[in-house]
Structures are given as C-alpha cells and as structure tokens.
Amino acid sequence: MECGACRHIIENGGLIKCAGCDNMFHYECCNIEKQVYFDEYMEKKQKWYCPSYTNITRRKNHSTPVGKRDIRSLQASQANISNMSCDKKLQRSSRLKKSSNSASQHALRQKKSDSVTIEQIEALLDRKLSTFKIDVVQEVHTMVTKEFNHTINKLESDFTVATDFLQKGQDGLLKELEVANNKIKALELERTTLKSNIESLDRRLMSVEKISRSHNVEIQMVLEKCHENLLQLIQKLYDTVNVTLDTNCICAVRRIAKINPKTDRPRNILLTLQTERQRDILLSAVKRYNKTNHPNHLNSTCLGIEGEYRAIYVNEHLSSTTKKLYAEAGALTW
C-alpha cells in the first residue's frame, strides 16, 4: 500500500486513512506524533482528514457554474427562445457572466488546493533529511566496518607472523635445550665413570706406593751436618738396638726433601733395605729398645751425635696422605 505523501510502501502499524478521500498516509508524513496517533486514532477511532481534502471548498448544486434544471423547463425555454425579450437576453448574459466568474474562482481555488502546503514541505524535508541521515549513517558504518575489518585482518596477519616467529624461536630453544640436556647427561655419566676410574687409580697408586715403600725405613730428627757419613750412622743405629747389620742388605741411604720447606726440622733419612723382613726386624728392635729403656728412648746421644739432645724416631716410610691421616687422628681428643 502506497503513502499518498511520500509514495513509499506503508508497512503495517504505521498507516492512517483519510476519512474524506480514503487515501493512506504514514502518520509521520502527516506530522502526527506517535503517542497522539495511538491514543486518538488507534484507540478512540477518531476520524482524520488529510490537508488536501480539508482545503477543498464544498458547495451545493445550485452554486455550480451550470446549475441543474428541470428537463421540462429546458424544453419550454427552447420552445420560447424565439419569443425572448431584450430584457431576458440581458438577464441571461448577466447570469452567464456570473457563472463564468464562479467557474474561474472555482478553478483558482482548485489550483490553490493542488499547491503544496508548508506542512507538506516540512514533512518532505524531514523525510529527505531522515533519508539523508540514514544514508550517511549507513555509508559511515560501511566505511568504518570496512576499515575496522581491514585493520583487524592486518593485526591478525601481523600477530600470526609474530606468533609463528616466536614459535620457531621456542622450537629452536627447545631443541637446543634438549641437546644441552643430552650433553649434560653424557658429561655426568662420563664424570661418574672418570670419578670411578680415578678412585680405582688412587687405590692402585696407594697399593703401589705401599709396595714401593715396604722396604724403606724413615729416620727422623737427626741433625744435619756437613760431610756427614750416613752409612756409619746406620751402623751405629744397628749396634745401639742390638741388631747385626749386613752391609750387603743396604740398598740406599739418603736424606729426602721436607714436605713443608718452611719448617726448621731437619730432613729425614731414608734407608732402603733389600727385603721387607729386614725392615720389620729393624723396626721391632727399635720398639724393644724404647720399651726397655723407658723413659730414655732412642736419642741423639745414643747414636753419638754431638750437639743438642734430640729424640730419634724410626718409623715406616708412609705416604703424605697416610701421614696426614695419622696427624688428624692424633689431633682428635678421645
């Protein structure tokens, strides 16, 4: 159904009908408020007339340019037309002139009624502005949506590139971390193996040292002298502890370097014998001598060494590790 003002299709719920001309209109096109439309015309069923209908002047039949006549009067006038007087002709021309003026006035009023009113212009402008606003809003919405979608797509693309780059970097780090973990595990295994091998070598070295030192006797606290005769000193030691010395059983006799060079102790004398049994015989004899001559243990006077009185110690030739262990054990308080 078409609106008589804007010529657009009228949807249900927004139309109003003129009670005079039966034309349909939008209630907005007629400058009718929504509340008034529903209160007055929908609920109370009040009649409404459009501006075009209300501007038409209503007349009776006798006011028309050519009034209705009785057919019989018209026939009588035609029969007596030849007998009309001059006065009647004048009256007739006067009536024709009046009817012509009435027709021209009616045409003028009809023209005025056909002209556009201010209300219709306002309604038309409102519709045009509304349509323009809707078009502008739609265009702006379309443009903003397009730009927004373009920006979102660009951001999504950039974000995808960034996440892919980070993912690649993370994958590379994970691979490097896995390689590093494998290397660490291999190094830990190698370290464990090497530690075990070192411990085994230490035990073997200690055994070798013990075997190599098994023929040695270490004599401590004997004063050093220039041009001293160590072989004669060993002979005196054997005589003091009452042991027969076979010079052929002596492999070597010498002084060895001090472990701590800063100490004022004299260098120890190292005696190397041919067999371990010969070493044990000498050590046993020294132990018996010290036990028998308590508290006058073996000393420098017994060996005929001039100078300050010093106690002489005859022991096994121990390694530095074993000596350190003995020292720590002696420092403990029981």
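Each residue, glycine too, has its Cβ placed from N, Cα and C.
No curator has checked TrEMBL annotations; they are predicted automatically.
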Inset, instruction - Could you tell me which of the ranges 56-83, 84-111 is annotated in TrEMBL as region 'Disordered'? - result: 84-111
Inset, instruction - Quick one: sort out which of 170-204, 275-309 is the coiled coil according to TrEMBL. - result: 170-204
